[in-house]
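K.L.:
Here it is: the structure, laid out below.
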Amino acid sequence: MKVLVVLLVTLVAVAYAAPGPRGLFINLEDGEICVNSMQCKSRCCQHDTILGIARCTHKAMENSECSPKTLYGIYYRCPCERGLTCEGDRSIIGAITNTNYGVCLDSTRSKQ
């Protein structure tokens, strides 16, 4: 138990000692390895396969494939950029398997 506490304290100290605005565990740039979308500046941690390495990447642009939400913090398809909505079918099974895909659409443009 002591070893775990010491390891945790050391990990936190290293994270806070990181120079500049970019940390070791947060504010990661596109292309850097991540384990959760909250670590990325873009707020999208994506992998291609279940065993693939997840990396930070930009959010989906208009007319690109997207995922509306994730239960796990890692996407197969990133959510849409600000101002766009991910339009597509949603199901409980798709939410669990992280396969609820849609297409990013500009909701203001589609109403006109």
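The backbone N, Cα and C atoms fix where each Cβ goes, and this holds for glycine too.
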K.L.:
Pick from Cys34, Cys40, Cys44: which cysteine does Swiss-Prot list as forming a disulfide with Cys78?
P.N.:
Cys44
K.L.:
What is the disulfide partner of Cys66 among Cys56, Cys86, as given in Swiss-Prot?
P.N.:
Cys86
K.L.:
From the candidates Cys34, Cys80, select the one that Swiss-Prot records as forming a disulfide bond with Cys45.
P.N.:
Cys34
K.L.:
Taking just the CA atoms, what is the gap between Cys40 (disulfide bond) and Cys104 (disulfide bond) in Å?
P.N.:
20
